[in-house]
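If you check TrEMBL, you get these features:
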REGION    1-39  region 'Disordered'
COMPBIAS  26-39  compositional bias 'Basic residues'
DOMAIN    62-239  domain 'Ribosomal RNA methyltransferase FtsJ'
BINDING   G93, W95, D116, D132, D156  S-adenosyl-L-methionine binding site
ACT_SITE  K196  active site, proton acceptor
REGION    244-268  region 'Disordered'
Amino acid sequence: MAPAAADGTRRMTKKPVNKGGGARALKTRVKKKRGLKNSSRRWLERHLNDPYVHRAQAEGMRSRAAYKLIEIDDRHKILSPGMLVIDLGAAPGGWCQVAAERVKATPERPRVAGIDYLGMDPVPGAVVLEMDFLDADAPARLVETLGDAPDVVLSDMAAPTTGHRRTDHMRTMHLCEVAADFAVSVLKPGGHFLAKTFQGGTEAGLLDMLKRNFRSVHHVKPPASRGESVELYLLAKGFKGRVGDEAAESGDSRPAGDEDTGSGSGEG
Ligand SMILES: C[S@@+](CC[C@H](N)C(=O)[O-])C[C@H]1O[C@@H](n2cnc3c(N)ncnc32)[C@H](O)[C@@H]1O
């Protein structure tokens with residue numbers, strides 16, 4: 001019988017073709033079978049041949065998505081030891097793993113609070129609530145779980161796909177907007193917000209709100225985000241603080257070394 005992959009999918013493969021001789025040239029093909037739609041077969045084939053999937057399995061990462069956060073953080077420096085982090089749409093836990101490791105969280109001193117309506121295995125250093133972020137009491141529960149205001153709010157939330165592209169797009173954009181409102185209501189001055197969005201999907205109103213509240217706002221597309229995907233991340237750095245916040249009033253909200261680059265597309 002065909003072996004089960006670490007993600008539970010069962011490989012229905014022809015022998016790998018190794019045209020180039022290197023490991024990357026090995027191409028796993030999925031047999032055309034009755035009952036498997038062409039689109040599902042293509043998805044499975046792409047998944048089985050994805051180097052990030054192989055890397056995640058080899059390195060004990062819960063998801064290939066973990067590498068998106070690793071790449072964004074390596075470049076834009078949003079996580080550092082001692083920080084408190086909220087992770088929206090946490091399952092299966094890749095971003096929790098990366099965040100917990102980079103802020104040096106431990107099981108004794110968890111520094112990451114996550115939320116997802118899907119259950120997931122525990123991640124050391126993170127506490128994950130199994131609930132819908134859109135529930136009225138979710139924001140308060142997250143801050144209470146973290147024990148203090150977060151330095152970073154992450155959102156990789158994506159609405160379940162319906163097959164209707166525009167509907168999926170609008171639902172995920174809605175999640176991004178709710179996450180942004182949450183971030184400006186809870187972040188510490190100087191904090192950062194990173195959220196999944198779509199190319200061409202970020203509303204002008206949301207961008208304006210972020211530009212008013214953060215020192216810099218960028219769109220970023222990490223290499224781990226598939227080129228053909230319209231997925232993009234919105235990175236807002238250096239929260240200016242709310243009126244009445246001590247650090248905001250003293251003008252002490254700017255993290256050392258952060259530049260006011262305004263907004264723009266690309267990895268700049
Ligand atoms: C792309 S996955 C996140 C992957 C995660 N960053 C990782 O590295 O493992 C998106 C997640 O968002 C969650 N999600 C979508 N809408 C949500 C909501 N309203 N409340 C909580 N979680 C939600 C989904 O259940 C899904 O697990």
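Glycine too: its Cβ is placed from the backbone N, Cα and C atoms.
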Chain-internal residues, separated by at least six, CB under 8 A from W95 (S-adenosyl-L-methionine binding site): S63, A65, A66, L69, D87, G114, L154, D156
W95 (S-adenosyl-L-methionine binding site) - helix vs strand vs coil (DSSP): helix
In three-state DSSP terms, the structure that D132 (S-adenosyl-L-methionine binding site) belongs to: coil
Averaged pLDDT score, the domain 'Ribosomal RNA methyltransferase FtsJ' (62-239): 95
Rounded to the nearest Å - Cα separation of D116 (S-adenosyl-L-methionine binding site) and the residue listed as 'active site, proton acceptor': 15
